[in-house]
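Enquirer: Sharing a structure here in structure tokens format.
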Amino acid sequence: MDVTRLLLATLLVFLCFFTAYSHPPPEEKLRDDRSLRSNSSVNLLDFPSVSIMALNKNSKQISRKEAEKKRSSKKEASMKKVARPRTPLSAPCVATRDSCKPPAPACCDPCASCQCRFFRSACSCRVLSLNC
């Protein structure tokens with residue numbers, strides 16, 4: 001009988017704490033639009049003002065030159081990145097670094113051989129000797 005009363009008292013205290021801490025405090029409650037507008041206008045006045053300055057001719061010319069340099073460097077980089085189209089390989093061989101599991105044909109490169117790893121689950125054509 002004493003154990004059940006102790007258990008019920010503990011449960012009652014837990015529920016009281018849970019209900020007290022589940023509700024937000026009064027200052028965290030949602031406010032209406034009027035109070036939000038008044039608070040936002042007060043907060044904006046606290047920040048320093050932003051000044052806008054006109055650019056002189058020299059700074060405009062420098063910025064234009066920098067922009068042109070960036071454009072030309074981007075064009076050069078795009079020209080350098082153009083990849084050569086791959087030549088189609090003949091069908092009865094496997095290209096270097098491609099999968100070459102045992103039913104596949106031999107490697108196209110005469111210096112390459114088929115290497116398998118992880119109990120022949122991952123096989124690829126690799127060049128073993130550079131002197132070939």
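Here the Cβ of each residue, glycine as well, is placed from N, Cα and C on the backbone.
The signal peptide annotation in Swiss-Prot covers 1-22. The feature N-linked glycosylation site is assigned by Swiss-Prot to N39. Annotation source Swiss-Prot lists region 'Disordered' at 60-88. Feature annotation from Swiss-Prot assigns compositional bias 'Basic and acidic residues' to 63-79. Residues or ranges marked as domain 'Agouti' in Swiss-Prot: 93-132. What Swiss-Prot records for C93-C108, C100-C114, C107-C125, C111-C132, C116-C123 is disulfide bond.
Quick one: how deep are these features, and who are their neighbours?
Expert: Residue counts of the domain 'Agouti' (93-132) by helix, strand and coil are 0 helix, 15 strand, 25 coil (DSSP-based).
Cβ-based neighbour count (10 Å, all protein chains) for C93 (disulfide bond) stands at 16.
Taking all protein chains in view, 17 other C-beta atoms sit within 10 angstroms of the C-beta of C114 (disulfide bond).
Sequence-distant neighbours of C107 (disulfide bond) (same chain, six or more apart, CB under 8 Å from its CB) are C93, V94, A95, T96, C100, S113, C114, C125, listed in sequence order.
Sequence-distant contacts of C132 (disulfide bond), defined by Cβ-Cβ distance under 8 angstroms and a gap of at least six in the same chain, are P110, C111.
Within 10 Å of the Cβ of C123 (disulfide bond) there are 18 other Cβ atoms, across all protein chains.
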Enquirer: Which residues in the same chain, at least 6 apart in sequence, have a Cβ under 8 Å from the Cβ of C116 (disulfide bond)?
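Expert: Listed in sequence order, they are K101, A122, C123.
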